[in-house]
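J.: Can you keep this structure in mind? I'll have questions shortly.
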């Protein structure tokens, strides 16, 4: 059951009503399948071989984007500052080659996003190819290839993969040194139903080592306080993102501030386009910075053509960096790319460090 069944997240995912209740029996069946898979995994009949280095899994239980990619970038950069040599693996969502792919592919900043996916190329570009990045649906194979070509890597960050049973892990909460991070945005768990009646891949109470909050927090969410350090009995950390200085798509050296854009163009001459799992967050962030105008949300991983932008008839078109990797061949001077950065708190970095420094638990088991 896939999010791709819906072009966009349906409204009934946010609040329980007739449609979600009508679909609930399918969600119940989906839940049974999840439970059966977990039982098989727990019995050990199918046991993947663990990686020789710690794994940090950055995922979500809600389908669609919750802001994982900026977190992966921030994690890799912060871990490097702490003296680690991180590598990154991903399934390669959005890449047309993933289904026909027979072996892992290494991703560089000049890789074709239609083959390896939008996010991996974005990560490579933002980090200037500092970290080895490999993509393949079977993440265990990606790990083997990554370590084969980059034996100095001593920690691996998995962009998504919480639900990937083939990715062996010994979670920190159970005494291991692998870390499962659940990213949660302002939408929370919606109506808290599993697919397709709700937006959840797994139950809302799924175990995790920590929860990372992104975006604004709803004032009526009694489970979260501004000073809370725990969520569902585990550590929780709030991450704040900032929009950077937009740069021209066909001339990245040409930049201007969001304030300059707001002062230079009338709102009816500005169009913002986003193909994200949660585009409204991008639109809201721009509005906070004084950027009003028309907004267009497209399905996650949508592709673009020059004709699409021409038909917008806008003097200024704003897009995300994720969308920009798919627009390399488009030479429209009206398009400006808005970068987004995210910094990890010292508390989060220290907590990660304390777990990653644990001895390999597999060395002490029979």
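Quick reminder: no glycine exception, Cβ is built from N, Cα and C everywhere.
Features from Swiss-Prot:
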BINDING   62, 63, 64, 65, 66, 67, 68, 69  ATP binding site
J.: What same-chain residues, at least 6 away in sequence, bring their CB to under 8 Å of the CB of residue 62 (ATP binding site)?
T.: 184, 185, 187, 189, 190, 199, 200, 201
J.: Which residues, same chain and not among 62, 63, 64, 65, 66, 67, 68, 69, have a CB within 8 angstroms of the centroid of the CB atoms at the recorded ATP site?
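T.: So the additional residues around the site are 60, 183, 185, 277, 278.
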J.: DSSP secondary structure for residue 68 (ATP binding site), reduced to helix/strand/coil, please.
T.: helix
J.: Over all shown protein chains, what is the count of other CB atoms within 10 A of the CB belonging to residue 69 (ATP binding site)?
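T.: Cβ-Cβ neighbours of residue 69 (ATP binding site) within 10 Å number 25.
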J.: In sequence order, what residues of the same chain, 6+ apart, have a Cβ less than 8 Å from the Cβ of residue 68 (ATP binding site)?
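T.: The answer is 58, 59, 60, 119, 159, 160, 183.
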J.: Neighbour count, 10 Å Cβ-Cβ cut-off, for residue 65 (ATP binding site): what number do you get?
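T.: For residue 65 (ATP binding site), the 10 Å Cβ neighbour count is 25.
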J.: Please compare the binding-site residues 63, 64, 66, 67 by how many other CB atoms fall within 10 Å of each one's CB, and tell me which has the fewest.
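T.: 64, out of the binding-site residues 63, 64, 66, 67, has the fewest neighbouring Cβ atoms within 10 Å.
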